[in-house]
Structure formats: C-alpha cells, structure tokens
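Features as listed in TrEMBL:
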TRANSMEM  C:12-29  transmembrane segment
TRANSMEM  C:49-71  transmembrane segment
TRANSMEM  C:91-116  transmembrane segment
TRANSMEM  C:123-144  transmembrane segment
TRANSMEM  C:201-221  transmembrane segment
TRANSMEM  C:288-313  transmembrane segment
TRANSMEM  C:354-375  transmembrane segment
Amino acid sequence: MDSIILQILNGLDKGSAYALIALGLTLIFGTLGVVNFAHGALFMIGAFCSVTLQRILNLSYETIDATQTDFLGNPLKVKTPYLESWFGPEMGSSIIEWSVPLAILFAIPVMIGIGFIMERGLIKHFYKRPHADQILVTFGLAIVLQEIVKYYFGANPIQTPAPEALSGIAQLTSTIVYPVWRIVYFCFSLLIIGAVFAFLQFTTFGMVVRAGMADRETVGLLGIDIDRKFTIMFGIAAAVAGLAGVMYGPINAPNYHMGMDFLVLSFVVVVVGGMGSLPGAVLAGFLLGILESFASMEQVITLIPGINQIIIYLVAIVILLTRPRGLMGRKGVME
Amino acid sequence: MSIKNVTRRGVIKTGAAAGAGLALPTYLSAASHTGFTNAPGNDKVTLGFNVPQTGAYADEGADELRAYELAVEHLNGGGDGGMLSTFSSQVLDGTGILGRKVEYVTGDTQTKSDAARASAKSMIEKDGAIMITGGSSSGVAVAVQGLCQEAGVIFMAGLTHSNDTTGKDKKANGFRHFFNGYMSAAALAPVLAKNYGNDRKAYHLTADYTWGWTQQESIAAATEALGWQTVNNVLTPLAATDFSSYIAPVLNSGADVLVLNHYGGNMVNSLTNAVQFGLREKMVDNKQFEIVVPLYSRLMAKGAGANVKGIFGSTNWHWSLQDEGSKAFVKSFGTKYGFPPSQAAHTCYVQTLLYADAVQRGGSFNPCSVGEALEGFEFDGLGNGPTLYRAEDHQCFKDVLVVKGKENPTSEFDLLEIVEITPRAQVEYAPDHPMFAGGQLGSCNPGA
Amino acid sequence: MLGLDKKDSTLLLIVVALTMLAPFILNPFPTESGLAQFNAGYPDLMQRFVIFGIFAIGFNILFGLTGYLSFGHAAFLGIGSYSAVWMFKLLSMNIIPAILLSVVIAGIFALVIGFVSLRRTGIYFSILTLAFAQMSFALAYSVLTPLTNGETGLQLTLNDPRILGISQTADGSIPVTNLFGLEMRGAFDLVVGPWSFTFSAGYYVCAVVMLLAFYMSIRIFRSPFGLMLRAIKSNQQRLNYTGLNPKPYTLAAFVISGMYAGLAGGLMAAMDPLAGAERMQWTASGEVVLMTILGGAGTLIGPVLGAGMIKYFENIFSKINDNVLHSWFSFMPDGLEDSVVFIIHPFVGKGWHLTLGIIFMLVVTFLPGGLVEGGQRIARLFRRKKTVEPKSAKTEPAE
C-alpha cells in the first residue's frame with residue numbers, strides 16, 4: 001500500500017513537469033497555431049537562469065593561502081564570494097543558498113523577454129507557413145539555443161541545490177517519507193497552472209485570447225489587435241516553461257540537452273491530451289506521469305519485461321485509437 | 001594538370017598517360033608492396049582521435065582530446081615530455097614514431113555506434129589514419145573495434161568499462177588499457193565489506209544495456225562472495241532522467257545498501273534522487289544505509305556535486321596519485337590547460353604512448369607487428385604501477401583505485417580521495433572466466 | 001525515354017550523371033592541399049549520401065504527396081538493417097537475399113503500423129508513428145537484446161552459422177559482404193597529378209539502386225496513383241464525397257515508403273554489416289523529416305539534396321579542429337590568425353550542430369521551398385532574358 005502511495009506521489013511529481021511544459025506548448029499551439037520544437041529549449045534555458053544566477057551570486061575574489069597547495073604544488077588560491085565579504089559569511093552564504101527560489105524572480109523577466117524576441121523576430125513570419133516549415137525553423141532554433149548554452153556551460157550537468165530548509169525529507173505518515181522539494185515542485189506547478197487558467201478565464205485579456213483561439217479572423221475584424229495579444233501569450237508560454245525549468249533544477253541537475261529529453265515526451269502529452277485543449281494537456285501530463293511511475297514498479301516489470309521503457313508510448317497509442325482527438329481535443333485542430 | 005572540362009574517360013586516359021594512373025587499392029585490399037592498410041610515408045604518420053564531441057559525454061570527450069594533443073606534442077619532442085621520461089620502455093625519443101612526425105585527425109562519435117563507425121571510417125578511408133583511438137562508452141568501443149579489425153588498423157580503446165570489450169567482443173586488432181567491471185567489483189567488494197560489514201543486503205539499480213548488466217553481474221558476484229545478499233536488481237531505461245519511481249521502492253525494501261550501476265548522466269541523476277529521498281540519513285535495523293557507485297569519474301562526480309560525499313566507488317586513475325609517472329603527467333597537463341586531467345584523459349594519453357612505443361619496438365607500423373609488441377608487454381611508469389598487456393585478451397592488468405567522495409574538498413577538482421590502491425593480483429582473472437567467455441580474438445588483420 | 005516526359009528524362013539524366021561522376025565531383029581539391037578537408041569523395045560518405053537519399057526519396061513519397069507526416073520512419077530503416085545482418089549471419093554474405101529480406105520485413109512492419117496509424121490524421125497520425133518507432137527503439141535497446149545485441153549493435157562474429165558460405169576465412173577473419181563475388185569494400189584509387197579519386201564497388205552498387213529508386217519515384221509521382229495521393233493531400237473530404245475511399249491509397253503509399261526505408265537500411269548493413277538501435281530513435285526519424293523539408297518537400301530531387309547536406313555537415317564539419325584551422329590561416333600574422341580561428345572555432349568541430357541549426361533557420365526563412373527553390377532562383381537569374389518562364393517540373397512544397 002505504502003509503495004502505491006509513493007508511486008502516486010512520484011507520478012504527480014513527474015506529471016507536474018510534463019503538465020507545465022505541455023501547458024506552454026498548448027498555449028502556443030492553440031493560440032498561434034505554431035508547432036514549437038524550441039519549447040524544450042525554453043525549459044532548459046529556464047533551468048540555466050538559475051545556474052546563471054548561482055554563478056552571479058558566487059562571483060568571488062581570490063586570496064592566496066600559502067599553507068595549502070593546489071594540484072600543481074603551487075600555493076592554493078582560495079575563492080571567497082563577494083556576497084560573503086559584504087554581508088558576512090553567514091548572511092552571504094544563505095543568500096547564495098537560496099539562489100533557486102531567487103532565480104524565479106530573475107527568470108520571469110528574462111523568459112518573457114526571450115519569448116517576445118522569439119515571437120517578434122522569428123515566429124511571426126511563420127504563422128502562415130506550413131507546419132513542416134515551422135518544425136524546421138523551431139528545431140533549428142532549438143539546436144542553436146542548446147549549442148550556445150553548451151558553449152558557455154559545458155555538457156556536464158551542473159547542480160543547483162535547493163536551500164537547506166527546503167531539502168531533506170518530509171514525514172508524511174509514520175511509514176511514508178517524501179522529499180520536501182518535490183512537494184514544493186508539485187504545489188508550485190498547481191499554482192502556475194491555476195494562475196494561467198484564472199488569467200484566461202477571468203480577465204478581459206484572457207477572454208480576447210480565448211476568442212482569438214476559437215476564431216482569429218472574426219476577432220481581428222472586431223478591431224482588436226490580436227497579434228499583440230498573441231505576442232504576450234508567447235511570452236507567457238515561455239515564462240511558464242522557464243519557471244518549470246528553474247524549479248526542476250534541484251530535482252535533476254540541469255544540462256544542456258535536458259530540453260530535448262523532454263521535447264518528444266511533451267509532444268506526446270499534448271497530443272494525448274487533445275490538440276487545443278489546456279485542461280487536456282494538464283490531465284494527460286498527470287495521467288502519463290502516474291502511469292509511468294507505476295510501470296517502473298518492480299512487480300510490474302517482472303510481469304511484463306520492458307514495460308517501463310515503452311509505457312508512455314503504449315498508452316498514447318491506446319488512447320489515440322480509442323479517442324480520435326485525444327482526451328479532450330477540439331475538432332479540426334491540426335487533424 | 002587540370003581536370004576542367006574533361007570526361008571521365010579522358011581523365012583516366014590522361015592519368016594513365018602521365019604514368020600517375022596508379023591503381024592503389026584502398027583499405028582491406030592493401031597494396032602488396034606495403035603489406036598493410038594506410039602504410040605511412042617517410043615523413044609523417046596520421047593517428048585518428050575519435051571522441052564524443054556532441055551529446056552527454058562531450059566534456060569527457062574534450063578532455064580526451066586534450067590528452068591526445070598533449071601526447072602528440074610529447075611524441076614530437078615538444079613540451080616537457082610528460083610521461084616519456086618515466087615510462088619504463090625508453091625507446092621513444094621525441095622524434096615522432098619511427099622518425100616520422102605524428103599528425104592527427106579528430107572526429108565526433110556522438111556516443112552512437114553508427115556515427116562513431118562513420119567517423120572512424122572517414123579517418124581510415126580519407127585521412128589515411130593508421131590507428132584509431134578514443135571513445136567514452138562501451139557500445140561505441142565495441143563497434144569501432146569491430147570496424148578496425150575489418151579494416152586492418154589498430155584500435156586503442158579509450159574509456160570503456162564493459163567486460164565485453166575484452167570479453168565476448170574482443171578483437172585481435174583492439175587493445176584496452178582501461179579497467180573493467182570485473183576489476184571494479186574485485187577491488188571494491190573487500191573495501192565495502194571492511195567498512196560496512198559482511199552482513200548487508202544490497203539493492204541494485206542497473207542501467208538497462210550491456211555495460212550496466214556486466215557491471216551489475218560483476219559487483220553482485222563479488223559482494224555475494226563476501227557474504228552480502230542481493231535483495232533485488234531493477235533495470236532502469238537508459239533514457240530515464242527522473243529516478244524517483246525506482247528509488248522510492250528502495251525505502252521499504254529492507255535493503256541497507258543501494259548500488260547504482262549507472263554512468264554519466266544516469267549516475268548523476270540517480271545519485272541526486274537517492275540523496276533527495278533521504279537514503280543517506282536512513283537507518284535500517286540499526287545499520288546506516290549506504291550508497292555505492294561502482295564506477296566513478298571525476299567529471300561525473302563534479303556533476304553530482306555535494307551528493308558524492310562519502311560514497312565509495314572505483315576509478316582507473318586519479319590525479320592525486322603520487323608516483324613519478326602520474327606526477328609528470330599532471331604537471332604537463334595542468335601547466336598546459338590549467339586544471340588536472342581526468343581518468344579518461346589519462347587512459348587516452350597512455351594508450352597513445354603505448355601504441356607509439358609498440359611501433360618503435362616492433363620496428364613497423366604493421367598492425368600485426370604492433371600487436372605482437374603489445375601482447376604480453378610488461379611496463380611501468382605510466383601511473384598505474386607495473387602493468388601487463390595480457391596476450392590472451394588484450395586487456396591491461398594493473399592496480400585499481402578504490403575512491404570515496406571527499407568530505408571537505410579544497411577546490412573544484414578535489415572531489416575524490418583514494419581509499420585504497422588494490423594490488424593487481426587481487427583483480428586478475430583467468431582469460432576463460434565465465435563473465436568474459438564466448439568471444440575469440442581471431443587473428444590480426446593488417447588489411448592485406 | 002523510359003516512359004518519362006522530356007523534363008523528367010532530363011532530370012533523371014542529370015541525376016545519373018551526378019551519381020556516376022560523384023567520385024570526381026566530390027573530390028575537387030588536391031589531396032595535399034588545405035582545402036582537402038572539404039573533400040567528400042571517400043567511399044563511406046558517398047555511400048551514406050545515396051543511402052540516405054533513398055531513405056528521403058521514400059519518405060517524400062508519403063509526406064510530399066499525401067501530406068502525412070510520419071515521425072517514426074527510422075523504425076523501418078532499423079528493421080531493414082537488422083533483417084539484413086541476420087541474413088548475413090545465417091544465410092550468405094551475398095547482399096541480394098539480405099536486401100530483399102530487409103525490404104520485405106520493413107514492408108510487413110509498415111503494413112501493420114500503417115494500418116493502425118492511418119486511422120488518424122494530422123498530428124495524431126504523427127504521434128502514433130512516433131510512438132511505434134520509440135517503442136521499437138526502446139525494446140531493441142534493452143529487452144530484445146538477444147535479437148538486436150542492444151546498445152552495441154548487431155555484428156557479425158567468427159562463429160556465425162552461415163548456411164551458404166563459410167563462418168570465417170582461411171586467415172581467421174570474418175568474410176566480406178559481396179555481390180556474387182564483387183566485394184563491397186573493394187575499391188581502387190585513381191591518382192591524377194595531385195588529385196586522388198576513389199572508386200568503390202559498394203558505392204556504385206548503392207548508386208545503381210538509388211537510381212532505380214529515383215526512377216520509381218518519378219513514375220509514382222507522374223502516375224494516376226500519384227495524382228490520387230495528391231488529391232488526398234489537397235482535400236480528403238471532397239474525395240470521400242466523390243465515393244472514393246482514400247485509405248487503401250494512403251496505406252499503399254505508407255508501405256511503399258516503408259519499403260524504401262527498409263531498402264536503405266538493408267543497403268547500409270550491406271556496406272557495413274552492423275545494425276545499431278540508434279538508427280530507430282526519434283532523432284533519426286526527425287533527421288529524415290529535416291532532410292526532406294530542407295531539400296524541398298514534394299519535389300523529386302529535393303530530399304536527396306537535403307540528405308546530402310545534413311550528412312556532409314555531420315561528417316565533414318565535425319572533423320575541422322583548431323589544428324586544421326590554424327593550418328589554414330597560418331599565412332596571417334599571429335595575432336590576426338588567432339582571432340580568426342577564435343571567431344570560426346565555435347562553428348566547426350564540436351560546434352557543427354550550431355552551424356547546422358543556423359542553416360536550418362536560414363534556409364527555411366529565406367527559401368520557403370527548401371534548397372530546390374534556391375536552385376530555381378539561381379536558374380531563373382540566368383534565364384531572366386528568356387521571355388517564356390519555364391514551367392516548373394516540381395510540385396509545390398507540401399504541408
């Protein structure tokens with residue numbers, strides 16, 4: 001029983017990452033009709049926002065400690081972060097420790113900015129082009145973004161640990177423990193998903209965007225500058241992907257190809273959820289996350305060897321064959 | 001002679017007329033006057049360095065490439081000579097190999113067997129490489145080794161740790177200096193038993209591909225021989241990034257040791273996840289829960305950050321070794337690049353030197369002569385103590401390092417501390433050991 | 001000629017000339033010159049050009065004509081390779097039975113996968129094909145290792161039970177793949193002054209197969225069947241209303257293009273008897289999509305150009321290292337040399353991905369019809385004086 005509850009928790013946790021990425025992807029699909037293969041790269045850039053902030057906070061000056069030697073036998077250079085010398089070692093190191101939560105503040109403007117530049121500079125020229133062209137250009141962009149990150153940060157993963165207070169484990173019941181940060185991640189993703197839905201549901205801006213998703217031309221004829229609204233939506237989608245990346249850092253250390261690892265999976269999630277449906281994307285994210293967790297249980301693997309390798313794809317096939325437009329897809333969108 | 005505006009026939013005719021239309025058969029049907037593929041001319045010789053430059057192992061590949069460049073520099077008499085002066089065989093004198101200047105070409109394996117073979121082929125077919133070396137995974141090593149056997153060039157394996165490379169997939173033209181899964185296990189198990197006791201229950205997570213399987217098989221056998229129980233072995237997909245659903249069942253399994261048979265990104269993520277789930281603070285039946293990573297690499301340890309502290313593993317070589325060879329290598333590498341070399345860099349540097357030395361001693365670039373010179377070769381001074389290149393399977397036998405994640409690192413390179421240098425005798429095995437059975441070396445192929 | 005109109009005959013003749021003279025065309029620089037780095041005329045890469053050309057031509061029959069975007073076509077390539085290697089292991093080193101088997105097996109898989117996937121259209125179809133291919137990849141990598149040899153890839157060994165042939169040659173090595181005795185690895189070099197050209201038996205076998213495949217594809221494009229496929233692409237609903245069932249036509253196109261992929265996989269194994277699981281991964285499926293769009297989807301020659309371009313970057317640009325760069329610019333003063341190398345460095349060698357990504361973006365932004373459109377624009381520049389605009393032999397780029 002305990003192990004089943006644990007796997008549900010794991011599934012919800014994986015599911016929140018899938019759901020957040022799929023949500024942003026669907027926003028761009030649904031509003032702009034663009035197949036964005038660079039969405040995984042936005043997730044990755046989000047994670048590297050916190051790496052960058054960590055580097056900035058860790059900017060150091062060097063002092064020479066003659067009592068120790070480095071690997072070549074020269075006197076050891078000891079690095080002290082400026083923050084520690086300005087605010088004292090205690091205060092300074094605790095600021096550095098909180099770099100991941102701080103990176104949220106840092107990432108929002110950066111990601112929205114990147115989203116704006118991408119949309120205005122590149123994507124907007126591709127609204128009227130075939131989907132195949134969109135795939136090629138966004139795939140090219142994803143490679144370029146990825147290679148730039150690799151050039152500056154290397155190919156190895158870089159740890160972005162959670163602050164001491166939020167790491168460690170939580171005792172949920174007498175027998176069930178779960179990492180604190182994973183619970184934080186789950187709550188955070190619910191918060192973001194809720195915020196996006198509320199924004200679309202309860203604001204005039206959201207109303208216009210929803211109208212634009214349903215019938216772009218009519219909204220345009222009504223004299224509403226729908227293009228501008230769509231640019232903002234692209235920025236929001238980029239920010240959602242970026243935040244998902246920032247918060248994911250402490251769970252798994254960011255590396256330059258983490259976006260590609262998630263890309264195919266998030267497309268499967270979006271399509272299983274149904275094209276053009278935001279609730280569908282979220283639902284499919286959690287569903288596939290939970291099923292994936294169950295399939296990796298040892299009892300299941302012994303029963304059906306290799307099932308943990310293919311479960312997501314198997315479920316996708318079954319769902320798409322039984323429900324022609326995924327879980328909640330709208331008719332006529334990218335069919 | 002210009003080839004503008006000529007027909008194909010015309011070119012052949014003019015070529016023949018000029019006496020230059022010499023039909024030189026390419027690889028696998030080498031010309032009779034040289035007797036082997038890509039025989040070098042009188043002034044230079046080309047080596048092929050085939051390392052991962054894109055993908056997850058790109059940093060490791062970059063370090064391998066640095067080591068190769070350093071080795072070429074030293075062979076050609078540049079720099080401070082590195083390990084040339086500490087090497088027990090002193091036939092290399094800094095004038096290249098057999099008086100020919102060493103040149104090199106590089107390629108990208110992408111850590112895919114197909115791409116690695118394509119890259120190696122282009123070095124052999126286009127650039128005339130006489131030897132191929134490098135790589136950062138066993139799948140690639142085995143695939144390229146097979147190619148070199150067919151093409152008739154020598155393959156000096158880079159980082160490859162699977163038992164299969166010199167076991168069931170061994171080839172006469174392939175040579176491995178790096179250690180393997182069996183040796184890791186044989187060195188690690190006694191240290192584990194000494195530190196954690198003989199009455200332990202181990203839970204294995206294993207990467208679901210050939211290297212993972214051989215590693216798991218080796219470490220399970222070695223620890224069981226010392227009284228440990230293997231509670232469970234769960235295979236994880238290579239593509240997995242989040243290991244939570246594999247770690248969570250460990251919590252209530254009754255096991256008190258978790259063995260992570262993972263490498264690279266898999267190892268960084270599974271270790272991070274295991275620490276997240278509080279396994280390091282956990283107590284099972286009054287015993288402290290422990291995590292073990294059988295194959296360590298400093299680059300991966302860096303990726304795992306603080307999570308490696310206090311965790312045991314094994315490694316082929318570490319820069320903090322204090323023998324003369326290691327010191328000389330660290331000094332010349334560190335002076336040139338500003339940081340210490342990784343174990344991958346070390347094995348690649350040594351392999352290049354060993355190849356050059358074998359050519360020099362055998363007096364020919366012919367792969368069969370090189371193979372003969374390497375088989376049964378005993379040497380010292382290259383950082384691992386007295387070493388033997390065994391003739392039966394082309395595997396090097398040498399001391400193995402058992403290491404532990406350092407609690408208080410003084411710098412970003414100082415991540416591992418050496419716990420024990422396991423003597424060579426303890427990690428040796430018979431060539432027909434069941435874990436290595438099933439393959440044949442075949443006979444050396446010079447490509448003629 | 002051969003049932004083709006004049007325009008297509010010319011195109012076919014041009015392709016014949018290009019493939020037959022490839023060893024010359026691809027080796028334009030003298031062997032010892034610095035620019036020899038850009039020579040692509042060595043057997044392995046030439047073989048790859050035409051093999052991936054076949055793969056892309058086949059993919060284009062499905063995608064270019066019907067508009068169905070399969071994201072799992074690499075599975076058929078992989079299946080073809082495995083079948084061929086098993087044939088070498090069990091039957092004979094002759095490539096004919098191996099290639100036949102790989103085409104047949106790939107065709108059977110395509111029939112099954114196509115039958116299921118074609119129940120959906122658009123992106124739902126793409127994800128279904130992707131899911132099948134990813135499942136094949138994951139299983140081949142792990143559970144099916146006895147059949148596929150997992151990560152390492154299926155290789156020949158010294159004790160294969162070959163029914164028609166020997167397990168190992170007299171000198172203890174693995175026999176070589178051949179076509180009735182003509183060894184696929186056989187080649188001879190023609191040295192003309194400073195130039196050196198390599199003629200490889202394997203390449204010419206592949207090239208002939210590619211020409212046949214190309215001819216077949218022209219015939220399909222120009223046939224009533226091809227017309228029907230195009231009708232499916234432009235408006236499937238209307239086709240339904242006229243009482244025609246499009247399903248058998250799309251399924252036929254899917255199976256044909258799957259067999260092309262199997263043929264490519266079989267040839268690949270025939271040139272180099274190894275079959276790796278990565279051939280089936282989504283990145284490989286994505287690669288053929290990129291090749292087709294880059295070259296020009298729906299055009300006859302485009303996919304081949306796209307395939308050539310991507311393989312060229314992968315094999316040539318990745319090999320340019322700092323050492324090579326320094327040797328190119330060694331004529332410059334030291335400071336200038338270093339800065340030029342510094343600027344170029346991120347784009348070559350380990351940065352070849354970056355250059356490829358930039359090229360994708362540039363081509364698709366400025367040449368909406370892919371490389372073929374680039375060629376047409378250049379051609380138009382030269383023909384501007386003619387009053388009659390030549391009627392394009394190419395179809396419009398596909399969605």
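Using the three backbone atoms N, Cα and C, a Cβ is placed for every residue, glycine included.
Nobody curates TrEMBL annotations by hand; they come from automatic prediction.
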Chain residues in Cβ proximity to the transmembrane segment (C:354-375) (below 8 Å; excluding those fewer than six residues from its ends, i.e. six or more beyond): 290, 293-297, 299, 301-302, 305-306, 309-310, 313-314, 317, 346-348, 394, 396-397
Any contact, the transmembrane segment (C:12-29) to the transmembrane segment (C:201-221), with at least 3 Cβ pairs under 8 A: yes
Top Cβ-contact partner of the transmembrane segment (C:201-221) among C:49-71, C:91-116, C:123-144, C:288-313 (pairs under 8 Å): C:49-71
Within-chain partners of the transmembrane segment (C:49-71) [C-beta distance under 8 Å, separation at least 6 from its ends]: 19, 22, 40, 77, 117-118, 121, 123, 125-127, 129-130, 133, 203, 206-207, 209-210, 213-214, 217, 220-221, 226, 229-230, 232-233, 249-250, 253-254, 256-261, 263-264, 267-268, 271, 282, 285-286, 288-289, 291-292, 295, 297-299, 302-304, 306-308, 310-312, 395, 398-399
